[in-house]
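**Student:** Just lifted these from TrEMBL, have a look:
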- Thr591: Ca(2+) binding site (BINDING)
- Cys352-Cys416: disulfide bond (DISULFID)
- 14-35: transmembrane segment (TRANSMEM)
Amino acid sequence: MWATPLHRAFRSSLLLRNTIYGSLILLALTTLMYIKTPTSTTSIIPHYTQPSEPPRELEDVSIAEWVRRSVQVKQAFLHAYRNYERFAAPHDELKPLTQGKVDNFNGWGVSAFDSLDTMLLMNLDDEYTRALDLVKKVNFKKSEPRFVPFFETIIRYLGGLLSAYALSKDQILVSRAQDLAKALDPVFNKRTGMPYYSVDPSSGETLGPQLGILAEIASLQLEYTYLAKLTKSKHFLSRSQTLMKTLSSANLQHTGGMFPIQWNITSGEPFAYRLSVGAQADSAHEYLLKLYLLTGKKDKRSLEMYIRATTHIINNLLYLSPTRHLLYVTDSDMPTFDRASSTTHIFEHLSCFLPGLLALGAHTLPLNNLTRLGINLDVLGNEKLYGHVGKGYHRLKKYNLKELHMWAAEGLAKTCWITYADQPTGLGPDEIMMATVHKNVADANGDSYLWMDALDKWKKSGGHGVIPGLADHQPIIYTEFERSRGTGKGHDYELRKPGYLLRPETIESIYLMWRITGDWKWRARGWTIFEAIEKQTKTRYGYASVLSVDTVPPALSDSMPSYFLAETLKYLYLMFLEDDPVSLDKWVFNTEAHAFPVLV
Ligand SMILES: *[C@@H]1O[C@H](CO)[C@@H](O)[C@H](O)[C@H]1NC(C)=O
Ligand SMILES: *[C@@H]1O[C@H](CO)[C@@H](O)[C@H](O)[C@H]1NC(C)=O
């Protein structure tokens with residue numbers, strides 16, 4: 001469908017834009033062609049004829065230039081952190097527009113804790129020493145406000161301390177990690193091992209609903225397993241193991257073996273059936289693979305749950321957009337094997353960690369021969385247990401599973417990147433709503449946007465040409481004029497939450513794609529995103545979140561989250577280094593980009 005006049009018009013407009021940027025004649029022509037082109041709605045299973053070509057604006061550069069770029073990221077980190085120190089420490093985060101400060105994560109100085117390992121990786125000894133002084137002084141029994149949110153505290157504070165220990169071997173970091181974990185320990189439901197939302201570290205009182213959110217109750221295994229190893233504590237290890245036992249024995253019949261978002265903390269059972277890999281779910285899926293890797297590939301139960309989750313995601317949650325055939329992941333309510341009719345077709349920036357995770361799995365697991373690990377897809381997808389949902393497991397058996405996971409990773413990462421490249425700011429929106437030709441998929445004469453349907457069809461017709469969802473796309477950047485005329489449908493999506501909150505997920509996946517495939521185009525894309533961050537978000541006193549990615553210059557909001565220092569800048573820095581100091585075979589990143597060594 002790339003061959004429709006509509007798209008040729010966009011493409012030629014793009015080609016010429018560099019040379020005759022702003023030419024009104026061209027714009028008028030493009031607009032005219034756009035208006036005249038009928039929107040194609042007939043067949044949504046596309047013809048994959050678009051030739052694969054790397055985007056023109058990207059090119060590889062010399063090693064010396066990559067070194068220079070990594071130094072530039074380090075400068076960016078220093079600009080952000082030194083202004084945090086100057087205006088906000090020992091409070092949590094800097095307000096980069098007003099030189100203010102905010103205590104939004106317990107008031108213990110979250111930006112300092114979150115930045116420790118980034119400093120160590122960047123060899124910023126002075127900053128590290130000063131941050132360590134702050135870390136030593138914090139009283140974990142006194143927080144502002146009184147109740148401490150467990151999940152954020154674990155991934156940012158505990159994760160930060162443990163990773164900094166792994167890189168520095170400063171013993172004080174282990175004892176601080178232990179202090180913190182002890183102060184939080186009353187948060188757990190004794191029987192299920194699931195934590196409540198928050199805890200008062202001084203009294204041990206817990207606060208939070210009986211219904212927990214998946215990401216918040218099931219993203220602690222890496223931190224507690226590593227902490228247990230460092231402190232030789234069976235107690236901390238049991239915090240991870242009790243939770244894993246509860247998760248693995250939960251009844252997942254209705255969700256095909258994938259964890260839904262809502263859980264009853266008291267019973268340890270799912271409460272409702274909404275499935276997502278985005279907000280409220282993301283890191284729980286991530287930790288299944290990563291616990292297996294952290295334990296030196298020993299925790300097989302965790303791996304099985306990862307295979308179940310990804311099998312369900314690939315079968316039911318991956319879709320192609322109608323015109324550009326962008327591969328994306330969305331959510332579903334009561335999923336069925338034939339149609340996931342209750343999907344929202346919302347694609348979240350938060351979900352952009354998934355391509356990196358799938359690539360990491362394909363890189364580290366013998367997906368082609370799971371029987372070698374004693375894992376059998378037929379048993380995992382037991383139809384007696386999972387009913388029709390179990391059929392999805394057999395469907396994937398027709399494919400080379402390693403290849404399939406890599407295809408999904410490649411296609412999804414590309415979509416994450418293009419949501420940046422399509423914007424005049426070069427920054428990606430927080431949430432988009434994908435276009436659907438047929439409002440009701442179930443009515444669509446058997447057509448479907450499900451990626452697996454398109455793949456099956458492509459495979460059946462001989463598997464020639466570009467794999468569905470993997471075609472190289474040219475970005476489409478609309479000018480203000482075009483946008484004022486209501487153009488924008490050619491993107492295949494609308495901006496639902498148009499802000500860029502300095503988030504890391506797309507960069508994280510691009511970093512992993514670069515390390516795993518060695519294809520320089522990923523690194524080049526990472527660089528263009530960094531340039532956009534420099535250009536659009538840098539302020540005199542730090543870096544600020546963007547309110548709307550489709551306006552130049554964008555309006556900014558007075559916020560610089562600590563994950564910008566912990567994750568966004570760290571992954572960018574690592575991406576531009578020649579030799580990775582935290583290689584993927586020896587280290588595992590927690591969901592806040594804190595690196596833990598594989599335990600042997
Ligand atoms: C959660 O599970 C407990 C124990 O089975 C039960 O008593 C309670 O009603 C459940 N809560 C909800 C909201 O379903
Ligand atoms: C898979 O692994 C098993 C056990 O190591 C081995 O016997 C078998 O030959 C392998 N199969 C393939 C297709 O590599």
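Each residue, glycine too, has its Cβ placed from N, Cα and C.
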**Student:** Enter the number of other CB atoms within 10 angstroms of the CB of Cys352 (disulfide bond).
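**Tutor:** Other Cβ atoms found within 10 Å: 30.
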**Student:** Any same-chain residues 6+ apart from Cys416 (disulfide bond) with CB under 8 Å of its CB? Would you list them in sequence order, or say none?
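**Tutor:** His349, Cys352, Pro355, Gly428, Glu505, Thr506, Ser509, Ile510 - these are the non-local Cβ neighbours of Cys416 (disulfide bond), listed in sequence order.
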**Student:** Are there any residues at least 6 positions away along the chain from Thr591 (Ca(2+) binding site) with a Cβ closer than 8 Å to its Cβ? List them or say none.
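**Tutor:** Correct list: Ile155, Gly159, Ser219, Asp282, Ser283, Glu286, Tyr287, Phe353.
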**Student:** Looking only at DSSP and grouping its letters into three states, which state does the residue listed as 'Ca(2+) binding site' belong to?
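**Tutor:** The residue listed as 'Ca(2+) binding site' sits in coil per DSSP, no helix or strand.
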